[in-house]
């Protein structure tokens, strides 16, 4: 049952963890994804912006969230990586780092594509797939934290506000609506690449071909 008592130190640490993790995985990373999805056929500037958001903005927030989660577990004395929330948190951190490395590899290391000249290599598609998997797992992880882990870790002295749960739903819906809408630009992207392969690119087509050979997160 909810109380009017102020949050305890343990609850404050857990709340900081929740806010930072939600901000990193459900706000900043999706923003970087949408930058790539919407801007890639219009300007080559999309990649530097995407890179800054995914690494220099999202990274510190995600690692801070992980620190607060670790610190909360220490205070509880329950050990680490024992329950589903802890295990998934570690998995997400590892996947995030791997995704960053894969993005850099895809952008700077050009491998020959088995699908023919001017087409994407398999690592481009895997980069997209892994990015979307990370966002799906992160959404479930935040949901688990709000509905299960909070009460388990804090003892349920204070319940999670309904506003937090509604925010979770809103973030998920907004991202996927915008991402799916952005797929309408895929024909433009493929058309740019096709004309560029046949040696008749326009100025915007040159941008598209340049982007075709640049790594991006979740931008298929």
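The backbone N, Cα and C atoms fix where each Cβ goes, glycine too.
Record features, source TrEMBL:
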type     : residues : note
COMPBIAS : 209-220  : compositional bias 'Polar residues'
DOMAIN   : 1-185    : domain 'Cytochrome b561'
REGION   : 197-220  : region 'Disordered'
TRANSMEM : 18-38    : transmembrane segment
TRANSMEM : 45-68    : transmembrane segment
TRANSMEM : 88-105   : transmembrane segment
TRANSMEM : 125-147  : transmembrane segment
TRANSMEM : 167-186  : transmembrane segment
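Sequence-distant contacts of the transmembrane segment (125-147), counting only residues of its own chain at least 6 positions beyond either end whose CB sits under 8 Å from a CB of the stretch, comprise 18, 21-22, 25-26, 29-30, 33, 84-85, 88-89, 91-92, 95-96, 98-99, 102-103, 106, 160, 164-165, 168, 172, 175, 215-220. Nonlocal intrachain contacts for the transmembrane segment (18-38), taken as residues 6+ away from its ends with a CB within less than 8 angstroms of a stretch CB, comprise 46-47, 49-50, 53-54, 57-58, 61-62, 64-66, 68-69, 89, 92, 131, 134-135, 138-139, 141-142, 145-146, 150, 164, 167-168, 171-172, 175, 178-179, 182-183, 185, 216-219. The domain 'Cytochrome b561' (1-185) scores a mean pLDDT of 93 in the predicted structure.
Listed by sequence, the residues of this chain that lie at least six past the ends of the transmembrane segment (88-105) yet keep a Cβ under 8 A from its Cβ atoms are 21, 25, 51, 54-55, 59, 62-63, 66, 69, 81, 123, 126-127, 130-131, 133-134, 137-138, 140-141, 144, 215-217.
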